[in-house]
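According to TrEMBL, the protein carries these features:
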- Asn7, Glu384: Mg(2+) binding site (BINDING)
- Lys14, His208, Leu209, Gly210, Asn211, Gly212, Asp283, Met284, Arg285, Gly331, Ile332, Gly333, Glu334, Asn335: ATP binding site (BINDING)
- Arg91: substrate binding site (BINDING)
- Asp148: active site, proton donor/acceptor (ACT_SITE)
- His180: site 'Transition state stabilizer' (SITE)
- Arg241: site 'Transition state stabilizer' (SITE)
Amino acid sequence: MNILVINAGSSSLKYQLIDMDAEKVLAKGLVERIGIEGANLQHRPAGKEEVRIETPMKDHVDGMKLVLDALVDKNHGVIASMDEIGAVGHRVVHGGESFKESVLIDDAVMAAIEENVPLAPLHNPANIMGIKACLSVMPKTPMVAVFDTAFHQTMPAKAYLYGLPIDLYRRLKVRRYGFHGTSHMYVSKKAAELLGKPVESLKIVTCHLGNGSSVSAVDGGRSVDTSMGLTPLEGLMMGTRCGDMDPAIVKYLMDRDHLSIEDVDKILNKKSGLLGVSDLSSDMRDITSAAASGNEDAANALEMFCYRIKKYIGAYAAAMGGLDVIVLTAGIGENVAIVREKVLSGLEFLGVKMDKVKNESRPKDVLISTDDSKVKVLVIATDEEMTIARDTQRLVKG
Ligand code: AMP
């Protein structure tokens, strides 16, 4: 069965068509600037030349039509007709408390995703547009929603409640939800597979380190705590997000600099993190090279980024009462040896021994800990699209 995976943004559509029998990507691509001047499709069929098509698109339906045309095109297509798409899996950011796992989309599911819009006002409306566009161009094809939050719905109340009046949870659903769930789930299962042990027997800390970053405590295959909260702002310091800070800073900034709440929100989400501290860039490549050439602010940004990850690893080892595996994944976790080294050094007291040579050898889906390290450390290439496709296939096959 071929599964189309869709990740819809407010003016974009990312897609992958995956042949699930071989678990092979047939084509992937991106539609950008939907509804804006310069709308275009970048289509990458496996084993063929990439194509770029610039054409006006008024909405996501136009974008989806273009994607399907590209997939069945006689030159750069990869399937003969749309009938070869067995199902569509949609990434949906916020499932709130309504969704503990992926689901087949029907009217009730659409209504529940709409109900969760206040929890993710930027993301869920875009995801809904993507689903509706697909339903309009392929009405007979089964659709599945896979939520970023679902994997973390196993957290106990002591991990997901905030120290706020309980009424705010009961009435407004203010609680920790966590994100990057498909990635934390994929890499924790993959770690168990690579180690040849049942995931149920392992205490794993998964570190998803990308532009957005989060850490999870995965005990016996279940997420028991995670660093992102009601929104993806909490937890680690990220590319442009501040992560954990004293919430009183918000009022202080509003008073001192006469800022609106929107101004402060923009500072915390868009102007902080690596970008804010370095005053240079949100991209880890720029930070590491500036730090290496003596830029003090970039060096501080790098140290802070790593120190905070290390603190979460310690906290989650304590939360689980032990630690068997650390997984590092996503753009930074998979590619930046110096970050891995700084995160892991000093954790010897927990039983972590990093192998410097392995760490610097562009590891992928392998151990970077020494043979005698009590805690196994793995670098795993995350694959959120494959996780979405597998869940979609499982639900469609019943
Ligand atoms: P992601 O959000 O997972 O795509 O990760 C983005 C982050 O990963 C950025 O900070 C990039 O600088 C970093 N990154 C991605 N690829 C590389 C690479 N090959 N070398 C160094 N950093 C990388």
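Every residue gets a Cβ built from N, Cα and C, even glycine.
Within the set of recorded positions Asn7, Arg91, His180, Arg241, the entry lying nearest in space to Asp283 (ATP binding site) is Arg241 (CA atoms). Each of the recorded positions Asp148, Asp283, Glu334, Glu384 was assessed for Cβ neighbours inside 10 Å, and the highest tally belongs to Asp148. Every protein chain shown contributes to the tally, and the Cβ of Asn211 (ATP binding site) ends up with 16 other Cβ atoms within 10 Å. If you draw a 10 Å sphere around the CB of His180 (site 'Transition state stabilizer'), it holds 29 other CB atoms from the protein chains shown. Once the Cα atoms of Lys14, His208, Leu209, Gly210, Asn211, Gly212, Asp283, Met284, Arg285, Gly331, Ile332, Gly333, Glu334, Asn335, the listed binders of ATP, are compared pairwise, the greatest separation found is 24 Å.
Classification of Asn211 (ATP binding site) by DSSP places it in coil, neither helical nor stranded. When other Cβ atoms within 10 Å of the Cβ of Arg285 (ATP binding site) are tallied across all protein chains shown, the result is 12. Within 10 Å of Asn7 (Mg(2+) binding site), as judged by C-alpha distances, the recorded positions found are Lys14; the full candidate list was Lys14, His180, Arg241. Packing around Arg241 (site 'Transition state stabilizer') is summarised by its Cβ count: 26 other Cβ atoms lie within 10 angstroms of its Cβ, all protein chains included.
Filtering Asn7, Asp148, Leu209, Asp283, Arg285, Ile332 by Cβ distance to ligand 1 (under 6 A) retains the following recorded positions: Asp283, Arg285, Ile332. Asn211 (ATP binding site) and His180 (site 'Transition state stabilizer') have their C-alpha atoms 12 Å apart, to the nearest angstrom.
Candidates Lys14, Arg91, His180, Leu209 (recorded positions) were compared with Glu384 (Mg(2+) binding site); those inside 10 Å Cα-Cα are Arg91, His180. Note on Asn7 (Mg(2+) binding site): other Cβ atoms within 10 Å of its Cβ, all shown chains, come to 22. Comparing Cα positions, Glu334 (ATP binding site) lies closest to His180 out of the recorded positions Arg91, His180, Arg241.
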